[in-house]
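To start, the structure itself, in structure tokens.
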Amino acid sequence: MRRSMLFIPGNNPSMVQNSPILGADSIILDLEDAVSIDEKDAARHLVRNALLSLDFGDAEKVVRINSIATELGYDDIDCIARVKPDAILVPKASEDAIEEIDELLSTIEREEGFKLGSIKIIPLIETAFGLEDVFNIVKSSKRVKAVLLGAEDLTADMEIKRTKEGEEIFYARSRIVSVCKALKVDAIDTPFTDVNDFDGLLKDCEKAKLIGMTGKAAINPRQVDIINEVFSPSLDDLKWATRVIEAYEEAQREGKGVFSLDGKMVDAPILARAKNVIEKAKAVGLI
Ligand SMILES: CC(C)(COP(=O)(O)OP(=O)(O)OC[C@H]1O[C@@H](n2cnc3c(N)ncnc32)[C@H](O)[C@@H]1OP(=O)(O)O)[C@@H](O)C(=O)NCCC(=O)NCCSC(=O)C[C@@](O)(CC(=O)O)C(=O)O
Ligand SMILES: [Mg+2]
């Protein structure tokens, strides 16, 4: 499960050191926008050493590289992929970049004796072109297992204002969710940037979940618990799913494909939804 994906500036030794204990499902060690140009080399080596020496437990280890439009991106891949992160996060993703990174990773995996295809790719969709091309971006490599929306860069690219209410990103969220559901990968929502507004964060998470996002990026450890809770099934969801499955089995024994529970129709799609809740509850350890 990727409910929460926490960004950690890759040039900050104490934040990197603490990263495994912050409760996030995925840790994103950032070499791109959180790191100033004169600290890029130092950050790359700090992140490489962290991957070699820290125990991240069950947390997914992701590294956001710089764009391969510059040499920095190639240096990042060569240095980081050789110590086998779980995934590479690709900023301002395009089809061409994902295809090229896929090939570079394959070469490194062969050279290092890693299983071919074991390093995943997560495209960061944060340009208008990337948003319109997101279906092809996901299809361009089997390594792609999730998509992350980057609303700050996207709204800058679209020359529109970014608001807390997020009306301006409704289309972007919906488009990404639709593509991710079609291609069976995770849809991860953009970070909420006011780190002291927990009510705003909660509303933003609920809005994203309602339309199908499966997780959310965080920029501060204090955001992680709220995100994990919203993107886990609630106890009410779990009780409902259990009752639906029990009632469905009973109805089957009576030869009924459709029946009513608490006055609401239950048929095959409702059963599928209930089973999905149970699967998610198992994945996050609620069952
Ligand atoms: C926001 C703030 C400055 C607030 O600082 P504050 O000092 O107020 O935080 P406090 O809560 O007071 O800190 C209490 C304790 O937690 C520690 N602590 C804080 N944050 C931690 C953390 N992330 N990881 C581990 N530890 C952490 C801290 O060191 C302290 O530890 P200690 O001293 O020991 O008590 C800080 O969080 C921070 O730097 N966040 C990361 C920002 C970042 O990575 N941005 C780039 C990635 S987003 C992006 O790129 C998206 C996108 O791509 C998408 C798009 O397009 O939308 C784009 O383009 O934008
Ligand atoms: Mg960005």
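Every residue gets a Cβ built from N, Cα and C, even glycine.
Remember, TrEMBL labels are computer predictions, not curated facts.
Listed in TrEMBL for this protein:
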type	residues	note
BINDING	Arg64, Glu126	substrate binding site
BINDING	Glu126, Asp153	Mg(2+) binding site
DOMAIN	3-221	domain 'HpcH/HpaI aldolase/citrate lyase'
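Positions of TrEMBL features highlighted on the structure.
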{"residue": "Arg64", "record": "substrate binding site", "DSSP (3 states)": "strand"}
{"residue": "Glu126", "record": "substrate binding site", "DSSP (3 states)": "coil"}
{"residue": "Asp153", "record": "Mg(2+) binding site", "DSSP (3 states)": "helix"}
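Residues Glu126, Asp153, taken from the binding-site residues Arg64, Glu126, Asp153, are distinguished by a CB atom under 6 angstroms from ligand 2.
Taken as a whole, the domain 'HpcH/HpaI aldolase/citrate lyase' (3-221) shows an average pLDDT of 98 in this prediction. Looking only at other Cβ atoms within 10 Å, the busiest spot among the binding-site residues Glu126, Asp153 turns out to be Glu126. Geometry remark: Asp153 (Mg(2+) binding site) versus Glu126 (substrate binding site), CA distance 5 Å. Sequence-distant neighbours of Arg64 (substrate binding site) (same chain, six or more apart, CB under 8 Å from its CB) are Phe7, Gly10, Ile28, Leu29, Asp30, Leu31, Glu32, Ile88, Leu89, Val90, Pro91, Leu124, listed in sequence order.
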